[in-house]
Each structure stands twice: as structure tokens, then as C-alpha cells.
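Asks: One structure coming up, written as C-alpha cells, with questions to follow.
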Amino acid sequence: MKEEVKINITEKESQRQLRFIEHLRDYYTEKSEELQRPLTCHIATFGCQMNARDSEKILGTLEQIGFKEVDTEEADFVIYNTCTVRENANLKVYGRLGHLSQLKKKNPHMLIALCGCMMQEDAVVDKIKKSYRFVDIIFGTHNIFKLAELIQARLDSKDMIIDIWKDATEIVEDLPSERKYKFKAGVNIMFGCNNFCTYCIVPYVRGRERSRNPEDIIKEIKDLVADGVVEIMLLGQNVNSYGKNLEEPMTFAGLLREIEKIDGLERVRFMTSHPKDLSDDLIDAMKDSKKICTHLHLPVQSGSSRILKIMNRHYTKEQYLNLVDRIKNAIPNISLTTDIIVGFPGETEEDFLETLDVIRKVRYESAFTFVYSKRTGTPAANMEEQVDDEVVKDRFNRLLKEVKIISSELTGRETGTVQKVLVEGINEQDSELVTGRLSNNLLVHFKGSTELIGRIVNVKLVECKGFYYIGEMVEAQ
Ligand code: 5AD
Ligand code: SF4
């Protein structure tokens, strides 16, 4: 059931939700005593960093209710936070749901919930209502904060609970959230997207752009730093248009300058930057900053001005290359990454060669390469000249080859230098090694132990192994 949002969410909303959480905690404490075991939850997250951040909020609520997170889907509460940006993300969800229904037959206490971008599509919800009757709760991207209330509603009724909002007008602050890492965190600065690139479903499922107030963002970051966080990733579909719709408008560069002043914060990253809105002021803010990392993700999508126009990207190949020049001139050691789509409707061999040309000219450290996926409801889905599968496959392979050649040429360029590295964890293959991240986002493995996790240390990059370095710690900072 889709409905327009008429409710104005007040600051009291988080208080209201906390009451549902408390009520559920009493209910589940009793259940756990009855069953003589802890109640468990499992969250499967599909898609982007926004979803990863939303999952932390979901886990925060579930843990406050009393669920203990487990690694397996044999849990009392299983939730899929879905993605719909490309069709194969949807197919994965349907595939795994079949398996969940078997698990539910074995555990009568099990609740299954679905949320995220896929649920914002009418056709998906219809299909689940019809063919996946064992699902208990469905909600969307705009009302994650209502999770406790929806669980309560499910316990009070025996029916599937469906609550999808078409859009949201306000942002609910101060809800519980459980962070995955102690030393780094994602911070939403805005939600939604107004760009309507013609291939993309995001504006339809994440709604219009809404920026958080700078005071709320700064307070969240200060609290995180007080809690041991040294690196933050500012999240938004298009961070460069941050602040345009605030009562007192503010630019993204302005926000970054405020964040720069936070004592104890060491590193700032952000994602994603739309090239059309990347200002000279932002380049200056990056250049002047001691905290903003030397990595910029700048999705190009296509190198052909003709295709870019049909994609509704609002820049030409030349404008993009000129922007890259300005960035590289200001910040010579910047590491650039990108997103590229091949096989957009009407893409010719000539258009594709323009994309290869951009890759050679920009020289990306790495690139996420996607085969165009037709998303129902987007303008591109109705464009006639869909490209033949074989042609797309061939272009995709040629693209990948080019990206690999360039990134392997680039990654070794800092061999021999000493760099600051944030240690993220013990190496998965060799427990004598730790794995850390350079400012430019590349990984380094070097000898070390658990007490280094979360610290920034100086590491000499001894050898480049393609996409990562082997290093040696020089001294702790
Ligand atoms: N098909 C293929 N790739 C897509 N992306 C978004 N929509 C589609 C689609 N329909 C890619 C874009 C975007 C990234 C997050 O996903 O490259 O930058
Ligand atoms: Fe999709 Fe374009 Fe918005 Fe990115 S900027 S989320 S590609 S519509």
C-alpha cells in the first residue's frame, strides 16, 4: 500500500520510537527467558554505502530491543536491506528469499523483514504479497526510523505489515545506531537525489534531495570523535549539491571547512560527487585541507558527449576533462576513481571509443564498471535502440582491460615513500599482518598486531602488488 506522506515528523518522533523499543524489549526479554536462549537477528545488506549506513541504524534498533547479531540467517529476526540500482541486485534477493522460507518453517518465532530501495517499487511489493506470503514486514527507504513500531504492529496483528512512503519531508535525528567499526564511520549529510539521470532509478526510490542541518552533522561527528572515530565518510547521492535546500543555504565546501575544525578528527572522505556540481571552491577546500583524503570518486558514466546528453548528466566530455585538469593541478597526488556504464541505449562503437579515450586521459586509480541495466520507470528503459548483448559484453571486456592496464601502471607510483596508514584490522590471510588504508584509499599490508587497529601509523611502502602494497611500519604517530 503506497501512500503520500501527510505526516509531518516532529522532533518527538524519535522519543515515540524509543517507547516502542522499550515495550518490545520487555516482550523479547520474556520470550528469551521462556525459550532459555538469546534472541538473534541477522541483517543482509545489498548495494551502496547509504544502505550500509542504514543497516547500522537498523542494527542499533534491533540491539536495543534485545536481539543479538549473528552471522547466519538461522536467526529470530532476519532483514534484507535491498538495492535496486541494477536488475541483478533484485534477482539475488528473490533467490535468497526462497531459502528463508525453509528456515522459517523450522523456527516459528522467526520474523522476516524487507526494506530498502527495491521495496519502493510497486511491482516488487505486489510480487512479494503474491508469491512470498511468509514475509512479515515490508518498509521502504524513508521510514527506517519506524522499525520498532512496525515490529510491534506485526506482533499485534497476524498480517503482513506493509508501510512504504513515497517521499519524506523531514529527517529524524537521534535514533540508535550500531557502528560496524570503532575507528571509522559513515555520516549521512543528505538523502535523495534530484538529478534524474535517465538510466537511474535512485531518484524514484530515494526521493528528493534533503540536506541535514550542519549543526546536526557537526554534533554527530564530534560525538563520534569523542567515541574514538578518526575517519569519517560523508555520504550523499550527490554531496556537491549539499545545503541548497536548507533554510540558511550552505555549500558543501563550507560544510567541509567547518568539519575540518573538529579536533581529534584525522581524515575526511566523501561520496558521491556529481561532476556537474563540483565547484572551484570545493577544489580549494580540498587543497587547503589537512584532513580531506587524496581520493575523489567522480563518476563519468560515459565519455561520449552525445550519450552524456541523453543520460541527462549536464556535462560534456570536454567539461569533465577540464574539471579533472583543474583538480589535478590543485592536488597533484589526487587519486581518482569513477563509475562507467557500457551499453546505454544507442551507444555506438564511436561513443564507446570516447569512453576509452577518457579513461586513458584521466588515468583512474580504479573504476566500477557496469553493464547498462534496464530499470522500469526510468526514461532510458523506453529508449528504442537497446544495445545487443554480445556487443555490450565485448565492450565491457575491452573497458575492463583498459582500466586494469592503467590502474596497474598507477598503483606502484608511491613505492618507496612513507605514508600515513589507518590500520583497519588483522589481515584475513596472515594473522601476523595488519591491513590499513592509505589516504588515497589503497590498502597496505604490514607486520603488526591488534593493538594497532584504529591507529594512524607511518608505513614505508616497500612493494606494490597490483592493487595493494606490502609495507613496513616506520614508527607509530
Ligand atoms: N545500469 C547500470 N548501471 C547503473 N548505475 C546506476 N543505474 C544504472 C543502470 N540502470 C550505476 C552508475 C552509478 C552507480 C552507483 O551505479 O554508474 O554511478
Ligand atoms: Fe542516480 Fe544520477 Fe542521482 Fe547518481 S546522480 S543517484 S546516477 S540519478
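Placement of Cβ uses the backbone N, Cα and C atoms for every residue, glycine included.
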Asks: TrEMBL has Cys48, Cys83 down as binding [4Fe-4S] cluster 1; which of Cys41, Cys115, Cys117 does it also list for that site?
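Replies: When TrEMBL describes the [4Fe-4S] cluster 1 site, the candidate it includes is Cys117.
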Asks: Could you tell me which of these binding-site residues, Cys48, Cys117, Cys197, has the greatest number of Cβ atoms within 10 Å of its own Cβ?
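Replies: Most Cβ neighbours within 10 Å: Cys117.
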Asks: Enumerate in sequence order the binding-site residues Cys48, Cys83, Cys117 whose Cβ-atom distance to ligand 2 is under 6 angstroms.
Replies: none
Asks: Relative to the Cβ of Cys193 ([4Fe-4S] cluster 2 binding site), which residues of the same chain, six or more apart in sequence, are found under 8 Å away?
Replies: Cys200, Val202, Pro203, Arg206, Arg208, Glu209, Gln237, Asn238
Asks: Are any of the binding-site residues Cys83, Cys117, Cys193, Cys197 near ligand 1, with a Cβ under 6 Å from it, and if so which?
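Replies: The ones that qualify number zero, so the answer is none.
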Asks: Within 10 angstroms of the C-beta of Cys200 ([4Fe-4S] cluster 2 binding site), what count of other C-beta atoms is obtained when all protein chains are considered?
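Replies: Excluding its own Cβ, Cys200 ([4Fe-4S] cluster 2 binding site) sees 21 Cβ atoms within 10 Å.
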